Amino acid sequence: MSKTLKKIGVMTSGGDSPGMNAAIRAVVRTCAYHEIECYGIYRGYEGVMEGDFVKMDARSVKGIINKGGTVLKSARSKAFRTKEGRQLAYEKLTEAGIDGLVVIGGDGSFTGAMVFNSEFDFPVMGIPGTIDNDIVGTTHTLGYDTALNTVVEAIDKIRDTASSHNRLFFVEVMGRDVGHIALNVGVGAGAEEILIPEEDLGLDRLIDSLKRSKASGKSSSIVVVAEGDKIGKNVFELKDYVEENMTEYEVRVSVLGHMQRGGSPSCFDRVLASRMGVKAVESLLEGKSNYMVGLKDDIIQITPFDQAVKGKSKINKELLRVSDIMTV
Ligand code: ATP
């Protein structure tokens, strides 16, 4: 390991996700292991531009591996999108002697890091933290596994009340551009239908399918709807449409919202965060820059930022087929 870097900064940016604290801990402790200084940066790029830094050591990250959210706080920054903002960020980092940056966030945060690197040749490395799992270059982003477990637990509870009252429930879950959460929790919680942005099944097919379920003896049903589903109606309009066309059902809507982003990270996310944190710091120390760390075939690998931010990760076709078969 070349160890030319002396001080690494770590920040969380964009939407928070469970596992971010475990990743901060891993970055700080890997720096301590390699005997280089580590600075926490508050509120993402806003904190970089303000020089809002705090020196962290191995002990300062005790007791956070199991905590949701991020102890460094997160933010979205308009000013960092401007050349002046990034110039200021560069000045604050160099003033503090910080010579490498680990950015924990989503594709927007990585785009910002990439632009910053191209302008100032500043070493940057990314750790994907978002519950949506929409990033190319990793099979799992931090927080995704925790969110799946949170949502499955919520749907199990909704099913209890749905089956007690012969109700049909539409449960809206996060996923504006990709349906990973919806598809996985739909299969995991035994939903009757799963509506995702990648597929437009159409309203007729939805009604046919629900009628088939009803005729086969089902007295209650759960339909999981991703926020960004392409059927052309929001979840409340879907409810109205189904009520008009299936008067035998009482339909209810449950929008799970931000509770999906909270909570103590699962063991999987804690382990993933620890592995990613080590890889991010050690890659910087090896002189690498402009990459995102990710999990592929259970190996932690790095993907250039420009590939990671290009497009969205693809839905698992085999799982789609499994879901079709399970809802027969
Ligand atoms: P999430 O997945 O939760 O949306 P994200 O990292 O994609 O997380 P964004 O709000 O898209 O969240 O990006 C976070 C921050 O990154 C922005 O507020 C902005 O400061 C910075 N950023 C994004 N795109 C650019 C860009 N093209 N140039 C400079 N900075 C950018």
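Cβ coordinates come from backbone N, Cα and C, glycine included.
Unlike curated records, TrEMBL annotations are generated automatically.
Taken from TrEMBL, the feature active site, proton acceptor covers Asp132. Cβ-based neighbour count (10 Å, all protein chains) for Asp132 (active site, proton acceptor) stands at 28.
The Cβ of Gly106 (ATP binding site) lies under 8 Å from the Cβ of Ser13, Gly14, Gly15, Pro128, Gly129, Thr130, Asp132, Asp134, Ile135, Thr141, each on the same chain and at least six residues away in sequence. According to TrEMBL, the ATP binding site annotation covers Gly15, Arg76, Ser77, Gly106, Asp107, Gly108, Ser109.
For Arg25, Ala26, Val27, Val28, Arg29, Arg159, Gly190, Ala191, Glu192, Lys218, Ser219, Ser220, the entry in TrEMBL reads ADP binding site. Ser219 (ADP binding site) is surrounded by 14 other CB atoms, counting those within 10 A of its CB over all protein chains shown.
Under the heading Mg(2+) binding site, TrEMBL lists Asp107. Asp107 (ATP binding site) carries a helical DSSP state (H, G or I). Summarising the environment of Asp107 (ATP binding site), the number of other Cβ atoms within 10 Å of its Cβ, over all protein chains shown, is 24.
Around Met174 (substrate binding site), the same-chain residues at least 6 positions away in sequence with a Cβ under 8 Å from its Cβ are Ile131, Asp132, Ala147, Ile181, Ala226, Glu227, Leu256, Gln260, Arg261. Among the features that TrEMBL reports, substrate binding site is placed at Thr130, Ile131, Asp132, Arg167, Met174, Gly175, Arg176, Glu227, Arg252, His258, Met259, Gln260, Arg261.
Marked as domain 'Phosphofructokinase' by TrEMBL: 7-283.
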With an 8 Å cut-off on Cβ-Cβ distance and a minimum sequence separation of at least 6, pull the same-chain contacts of Ser77 (ATP binding site), or say none.
Ser13, Gly44, Tyr45, Glu46, Met49, Gly85, Gly112
Let me make sure I understand the structure: which of the binding-site residues listed (Val27, Met259) has the fewest other Cβ atoms within 10 A of its Cβ?
Met259
Spatial neighbour of Arg29 (ADP binding site) that is closest, considering only the binding-site residues Asp107, Ser109, Arg176, Arg252 and their CA atoms:
Ser109
Distance-selected binding-site residues near ligand 1 (C-beta under 6 Å), from Arg25, Val27, Ser219, Met259, Arg261:
none
What's the CA to CA span in angstrom from Gly190 (ADP binding site) over to Ser109 (ATP binding site)?
35
